[in-house]
Amino acid sequence: MQVFLQTIVGGVSLGAVYALVALGFSLVYRTMGLVNFAHGNVVTVGAYLASTFYLSTKLPFALAMVVAIVVTGAIGLVIERVLRPLENKDFDLMLIGTIGFGIVLDALIIMIWGATGRAVPSPVQTAPIDLFGLRIRTYDLVVLAIAALATVLLVLFLSRTKRGAAMQAVAMDHEAATAVGIHVGRSNAIAFMIGAGLAALAGGLVGPLLYVSPALGGALGIKGFAAAILGGFGSIPGAILGGLAIGILDSFTAGHFQGYSELVTFLVFTVIIMVRPTGIFGERTVNRA
Amino acid sequence: MRTKLLVGAALAVVAWFLPYGLDSYAIHVVNVILIFAILAVGLGLVMGIAGQVNLSQVAFFGVGAYATAILTTHAGLGFWVSGLLAIAATVLIGIVIGTPALRVQSHYLGIVTLGLALAFTNWVTNAEVAGGAEGISGIPSPELPGVDLSSEYLYYYLELIVFAVALAFGLFVVRTALGRRMRAMRDDALAAGALGAEVPMLRMTAFMLASVYGGLAGVLYAGLIRYVAPESFNIANMFLLLAMVIIGGRQSLIGCVVGAISLALVREMLVDHPTIAQLAYGSVVVLVVVFAPTGLAGLPRRARAYLDHRRGARGTAAQLGAFQPYEPAASASGDELLAVQGVSKQFRGLKALDDVSLTVAAGEIRGIVGPNGSGKTTLFNVISGLYKPTRGRVVFRGTDMTGRAPYRLARAGMARTFQNLRLFGDLTVEENLLVALDRSRTLSAWRYLLRPLNVLRRDRALRRSATDVLHRYGLTQFASLAPKSLPYGIQRRVEIARAVAADPALLLLDEPAAGLNGEEVRQLAEIVRSIRDSGRTVIIIEHNMGLVMSLCEQITVLAGGRVIAEGTPSHVAGHPAVIEAYLGDTGEFEGATR
């Protein structure tokens, strides 16, 4: 029982990161029906930016994170602007376009930061908390708190602001939204920007948990996507639950299957998609694209 | 045609003499490029032709190479036997990876196939039998009496022959019935299914084809490099392969080959700066999808269109011909052809159909009318198998067909048109008809391997029938045009011609007169009557009352998802419930129907 609980605790902080990645995917998907295949690479860019500012310019961790979020947000805007002519026309081409951006970002990362990775020290130095015999790292709690805060802010933005309501309208029917005077392109751009910002947040937070390397985003991206689908693509509570579920699944497969954990995770994920393509909180979004 | 043959022959001669001008390093590069070209043709078939997003092509490649390596080094089998077994293994894996395509498409399929490709690299990196991260070395080179295939110069000829055969077979598939059906499915899976294309089977066939090409390339790779390791089959190479296909033009196999060769050459030139090469091809992919979605292969046509545009339109516009009526045939009229029994269809809270029953006799023209939102199209979708009814049965030709897949209903003798026209956009008008005319099963695709001449002969017969249909509907001059370029009225006519070309016993027409002018409506009435006289039964949904009243013998009126009246045009027109449904307020109408 102790081991079982400890495994769950070990998966939760990574799960929160997956949830943030999943939120980015979901936000873009629900607004424009597109899966951004460059999302994982944006996570890597965010992780490198945050760690660079944190390590070399000695900015406080929080400030380094903000800088990373702003820069990646700008990258998100560029991606959306370039692919805008294809929006609501050819989803397969857009998907390939985002893969193209992923290839470019991957090359840029290697050019700027090199092919080898770096370890990022944890910004929180206190000793792990001991709770009923479970060891909980304090940084894990920080990750959970920030992820929760980001989710609350996102939900408030979508439900309480005019801009957020406009984005919801575009998500439901982009033609009707145009008819009532909403600038669909701008709405998509904001979705992309926030999505990229969330990716940077996830990347920045995951730096001290994992090793920051060019391959980081690929793994995080595909697991974040799996989380988004598991929860029901486009659904915000689904993304959170899916993220935590994948994190815990990860933690268990790593314990039981060692090197094959990735294989097992992907096979489980494939089976879930085949059995229930709409996920746990799924809307009828499967045929949208 | 002749110039194409000449160019092909010239290229063949150049390819044959190429090794004489190359040093030993260059021939190695060329050998690797040929392998990529085979992979690209496979990816082009599954992605460009069949429209299935497949990011596992590199895993197929890996399975082929690894299986060859394992069978030759661990099991001690000969190269050729191992190669054959490796291709069989790849096809099995192809079936596994293609299975998700039965449930999900587009983005979902992309991510699933990507995940499975990652799972493959994860497995080979860890499995002992695959040599772990070090891979497997010491693969024997293939042996052929009298030919030393360990020489890369001679190996080139082996690859060249395999490549030529693989490309020719791919082109053969694309230009005949199977490829046409796949392209139809790519453009509109729903309409293809409604015309009898077995969509699930076609998707699996596409993945199997791609896996054969992947396996072939893998076997050749193992024989060439004689060493396999996980990093040759990683995601970066998958994306490189994808870039080759996109830049070359995914819908053209020749384009895929050109893309593979040019990108591989560029990569070779930048071999000391791999990140710059990656940056370059990534950017080109983005530019291509935005500005030239058909890739390099589409450039000549775009250039020609541009030049024509600059010179101004030339020649005369194509003319719609007159419809030539069908020979009247004695039909077994009076027998019950279709029976809808107590069908209800619920969409969450909305009840679109509520206990609808109707029977249609053979040889009838039945009209279905009703206000907007009364459930007419939902009823069509239930009859043709697109929706599964919540309750009730659909009996067609005496068999219970409730909930059968659309393609099964189509094969049983049902065809339909759609309210918002669903023509295959990237096929010509003639090809649209050919897809409908081809009634063969996808399973009979084994003929492509064993009886290719038979396939060609059948295709020629199909083309002859298509010419007849084109002539009958006055569409001859539009045969080679894309449907999207035609006026709306002509597109409607093409869709009807296509539905009838599928030789249905029952034809469902969903608002065929919408958007037509007066003369076109008159022609439509003539066409529908002639179709009926040729021994078919027609059900027609229409808002144009003049047309319905003059054309139909029996009319069913729907309102609020229920049948409120049924009978001859004059009976229905005078029915109080109908008048109220169209004019009166709902309170009175509720009372009148009960």
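Placement of Cβ uses the backbone N, Cα and C atoms for every residue, glycine included.
If you check TrEMBL, you get these features:
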type     : residues  : note
TRANSMEM : A:6-27    : transmembrane segment
TRANSMEM : A:34-55   : transmembrane segment
TRANSMEM : A:61-79   : transmembrane segment
TRANSMEM : A:91-116  : transmembrane segment
TRANSMEM : A:136-158 : transmembrane segment
TRANSMEM : A:190-212 : transmembrane segment
TRANSMEM : A:224-248 : transmembrane segment
TRANSMEM : A:260-281 : transmembrane segment
Positions whose Cβ lies under 8 angstroms from the transmembrane segment (A:91-116), at least six residues beyond its ends: 33-42, 44-45, 48, 52, 75, 79, 82-83, 213-214, 289
Spatial neighbours of the transmembrane segment (A:260-281) far in sequence, C-beta under 8 Å, 6+ residues away: 219, 222-223, 226, 228-233, 235, 237-238, 241-242, 246, 249-250, 253-254
Interface present between the transmembrane segment (A:61-79) and the transmembrane segment (A:6-27) (three or more C-beta pairs under 8 A): no
Top Cβ-contact partner of the transmembrane segment (A:34-55) among A:61-79, A:136-158, A:190-212, A:224-248 (pairs under 8 Å): A:190-212
Most Cβ pairs under 8 Å with the transmembrane segment (A:61-79), selected from A:136-158, A:190-212, A:224-248: A:190-212
